[in-house]
Amino acid sequence: SLFERVLVTFNTEIIYIKGSATAALCYEHLNGSCVKTPYSPGPRLILYTVFIFGAVLAVFGNLLVMISILHFKQLHSPTNFLIASLACADFLVGVTVMPFSTVRSVESCWYFGESYCKFHTCFDGSFCYASIYHLCFISLDRYIAITDPLVYPTRFTESVSGMCIAFSWLFSIIYSFSLLGTGANATRLEGLVSALTCVGGCQIAVNQSWVLVNFLLFFICTLVMIVLYSKIFLIAKQQARKIESLNNKTGRCSDSYQDRVAKKERKAARTLGVAVLAFLVSWLPYFLDAITDAFLGFITPTYVYEILVWIAYYNSAMNPLIYAFFYPWFRKAIKLIVTGKVLRANSSTVNLFSG
């Protein structure tokens, strides 16, 4: 993860030894190899199964989301383009981060080279922050749609959505790669980094200042999302009461265009609100642990840290499941894709909202 934990206690997971005959090493025939602390066969198999399942679900689930939104013209909307871009970030986590983290978590060694260690960490941070910013913009999109549904199409256009997507990706990538590329993350930690360096390790040190910056970026975005969704659900509740009151007075069900639009937007807001909540539940424990460890001396046990990391990673696999549960159109799109009907002529014009 971007905020790789650096243990100041020299335990068997990060000490390297030379020529030891008693400890297992990541590279048996290399001096300066990291110590290997493998699991027994049973837990090892379970961990590989759980971690690989998460990676596969993240890759194929988010691939289905992207194909659905980009292929079917009925789904071409500013909100859905944001959702597709968010799915792309989660897809890339499943491709470039989770498989390698699986091996590192289970084997306690890094076998993919020093260069990819840094890239892996940069990808992890970039895609995490890209997800945060996408969810922020989705929250803003839903807020405008709920508060002013009739004016919303002219305010949050496809070009505005495109700018939000561009900002989310560019800022996330530039921030993560420049932080690690310049070595700013390890300022004043040179001695610790030197002591912890061994062949087969991938520990990226991040000093207190940057841990605090990382946490504040997450916290500010989280606060924005909570405030916006609190207002969204308050307004949605007021709208529902007004419609119910009108129905009671007239004795018939209100079915005006404005009511239908408002109902549709409320449903979309509820579904995306669940996605935001899932993200916060997945990532908040990790960020709280990162800020706590940085200032209290890395007090979290390693196994707890690994659990928090993988809960955060698993968030990349959750959104497709949320969409499949709440969106009938997504279930229909999946069926068309899996059965190959998506390859037929004019399949992009299929009505996903009928029946």
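For all residues, glycine too, the Cβ spot is worked out from N, Cα and C.
These features come from TrEMBL:
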DOMAIN    61-323  domain 'G-protein coupled receptors family 1 profile'
TRANSMEM  45-69  transmembrane segment
TRANSMEM  81-101  transmembrane segment
TRANSMEM  159-177  transmembrane segment
TRANSMEM  189-206  transmembrane segment
TRANSMEM  212-234  transmembrane segment
TRANSMEM  268-287  transmembrane segment
TRANSMEM  307-326  transmembrane segment
(message) With Cβ-Cβ distances below 8 Å as the criterion, list the same-chain residues six or more beyond the ends of the transmembrane segment (45-69) that contact it, or say none.
(response) 39, 75-76, 80-81, 83-84, 87-88, 90-91, 93-95, 98-99, 101-102, 105-106, 310, 313-314, 316-317, 319-321, 323, 330, 333-334, 337, 342
(message) Same chain only, please: residues at least 6 beyond the ends of the transmembrane segment (81-101) with a C-beta under 8 Å from a C-beta of the stretch. Say none if there are none.
(response) 51-52, 54-59, 62-63, 65-66, 69-70, 112, 116, 120, 123-124, 127-128, 130-131, 134-135, 137-138, 141, 158, 161-162, 164-165, 168-169, 272, 309-310, 313, 315-317, 319-320, 323
(request) Would you report the average pLDDT that the model assigns to the domain 'G-protein coupled receptors family 1 profile' (61-323)? (result) 87
